[in-house]
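Participant: Straight from TrEMBL, here's the annotation block:
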- 35-54: transmembrane segment (TRANSMEM)
- 66-85: transmembrane segment (TRANSMEM)
- 91-110: transmembrane segment (TRANSMEM)
- 122-146: transmembrane segment (TRANSMEM)
- 166-189: transmembrane segment (TRANSMEM)
- 201-220: transmembrane segment (TRANSMEM)
- 215-397: domain 'O-antigen ligase-related' (DOMAIN)
- 226-243: transmembrane segment (TRANSMEM)
- 255-275: transmembrane segment (TRANSMEM)
- 380-401: transmembrane segment (TRANSMEM)
- 421-438: transmembrane segment (TRANSMEM)
- 444-465: transmembrane segment (TRANSMEM)
Amino acid sequence: MSKFKKVLLDTSLFRRSYVICMFCSNLSFILIPAYAVLAVLFVWGVFLMCYNAVKHRTILKTRYGLWLFAFVVTSLVTMIVHLASSFLYNAYNLVMLLHVAMCFFVFYSVHTEKHLNFRRELYSICRFIVYTTTVLGILGLAFLMAEISFEVLWFKFIVYENRFDGMFINPNLLGFVAVVAIFCCHMLLKKDFIAISGRERVSRIWIGSCIAVNGISLLLCDSNGALVLLIGYAIFFVIYKMFGSESKFTVWQIISKSAACLAAGLVIVMAMFFVRNITQAGFVQIMDHAESSSSISADSVTDKIAHDEAAVTFEHENANLDSGRFVLWQQASKMFLQDPILGIGKGNIYEYGTRIFEDGIKFSDKYGALAPIMTDFHNGYITILVCSGVVGFVLFCIFGLRFFKHITMHVFRDDSLHESVLPCMYSFLCSYLIYSFIEVGLLYNPTFTIIFFWLILGYTSCFLVKYEPDSTLGTFVLFGRTFRKSLL
């Protein structure tokens, strides 16, 4: 096999490249070139998906793949039924369909690849995120302390709508990436993960710096969704520590441990919000003091650097608890009625919104030229329901319930996982499911927040296949053909 062909067929290399490039697309200063590279990588991913489906029968080997394949088929039917009025919107629908199929059969189906050391792949991604977010975070905080903010094209660096966004497109993405970086640090501290991956341990100085820098960035960006993700991660990991150490419990132990988890959860929630308020107030005081004691004039660089007229407080300009989400969800309920059975398709949300609502979908103007493909309802579940209808939503839920039921049993049955990354990934996935109630998540958006979820889901599935080999599950007959029960 030639070198070029070997690289072309390397699915692991594609996943690493795609995830890293998707991460870079969150950065304001390289967003445009990152998306240009992503377009090329997307074509590569579609090719790999089709090649592996034919050559290696990936779809038939994917755990619970029948439900995922049925979801893709219903999405195709939806796209055909709701052909848009323009070629552009139909193209968006096709891109979304291919994106969904890639999430299923390239990222989640990683467990179908024989002889793959997925821990080594995960390690390289974690290390990249830790190093990159630490450097970017230090730069962003340094600019913030120097009260330097500027605008390039339509991107506002360092402070956006009174919230810290550093080098990222917006504060919510910064918050998500900060939590992901902390999650990666946690995994890199696991001895089994480092040993089996065959890589060197990342310096604890780097890990400590990453946690500190990203923790501060998370608190200053004032992203409630990201804070919920981190709080949920901590709480679910506490639950694992409480119930994952023993195989059997008495009634009294269950009650006492549940009470301890509840108390720990309340403490974590109150502590997080308290620390966020203190951190924001502290940085405001530091910046005010630095400004009052500074004698350097910025007149010579006013054409490049703009100082905010109003003091930065790191709080939402929108004081509503929902930050406008309730309006979005009301709009979603009206759009759902357009076709409650099959849905309207992701690429049609923007077009239908302009038809039904006078001002279109709320917040769609913030996406600029990408509005037709990026507009959604800031709720992963509602977005799936509107785009795929009841049929698609039920299929997706069946897959999710099947997967989490089985992986949960093994996480809490095996008491030898304390130095494994499985409890970390399981806690992250559970927290992400809650996060998706209030943020863009789960499936319908070609962004880092979605791709990273399916990447971690795929790595978690490798443990599931280890605990439940296909050979132990038996077969079933459908249309005269024999299939593995792992499909179901």
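Placement of Cβ uses the backbone N, Cα and C atoms for every residue, glycine included.
Whatever TrEMBL says is automated annotation, not expert-curated.
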Participant: Hey, does the transmembrane segment (201-220) touch the transmembrane segment (421-438), meaning at least 3 C-beta pairs closer than 8 angstroms, sequence gap 6 or more?
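Facilitator: Output no: the transmembrane segment (421-438) is apart from the transmembrane segment (201-220).
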Participant: Kindly say whether the transmembrane segment (255-275) and the transmembrane segment (226-243) touch, using the definition of 3 or more Cβ pairs under 8 Å where each pair is 6 or more positions apart.
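Facilitator: Yes, the transmembrane segment (255-275) contacts the transmembrane segment (226-243).
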Participant: Who are the chain neighbours of the transmembrane segment (444-465) in space, where the CB to CB distance is under 8 Å and they lie at least 6 residues beyond its ends?
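Facilitator: Sequence-remote neighbours of the transmembrane segment (444-465) are 15, 18-19, 22-23, 25-26, 38, 42, 63, 95-96, 99-100, 103-104, 107-111, 118, 122, 125, 173, 176-177, 180, 346, 373-374, 376, 380, 383-384, 387, 403, 406-407, 410, 421-422, 425-426, 428-429, 432.
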Participant: When you check the transmembrane segment (91-110) against the transmembrane segment (166-189), do you get at least 3 Cβ pairs under 8 Å, counting only pairs 6 or more apart in sequence?
Facilitator: no
Participant: Same chain only, please: residues at least 6 beyond the ends of the transmembrane segment (166-189) with a C-beta under 8 Å from a C-beta of the stretch. Say none if there are none.
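Facilitator: Same-chain contacts beyond the ends: 23, 26-29, 31, 122-123, 125-127, 129-130, 133-134, 136-137, 139-141, 143-144, 155, 157-158, 160, 201-202, 207, 210-211, 214-215, 217-218, 221-223, 225-227, 229-230, 233, 421, 424-425, 428, 439, 448-449, 452.
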Participant: How does the model score the domain 'O-antigen ligase-related' (215-397) in terms of mean pLDDT?
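Facilitator: That region's mean pLDDT is 80.
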Participant: Given a Cβ distance threshold of under 8 angstroms, which distant residues of the chain, six or more beyond its ends, lie next to the transmembrane segment (122-146)?
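Facilitator: Apart from its flanks, the transmembrane segment (122-146) reaches 16, 19-20, 23, 27, 157-159, 164, 166-168, 177-178, 180-181, 184-185, 187-188, 193-194, 197, 199, 202, 206-207, 209-210, 213-214, 216-217, 220, 283, 286-287, 290, 421, 455, 459.
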Participant: Using a Cβ cut-off of under 8 Å, list the residues of the same chain at least 6 residues beyond the transmembrane segment (66-85) that approach it.
Facilitator: 59, 92-94, 96-97, 100-101, 104-105, 108, 339, 342-345, 347-348, 351, 387-389, 391-392, 395-396, 398-399, 402, 483, 487-488
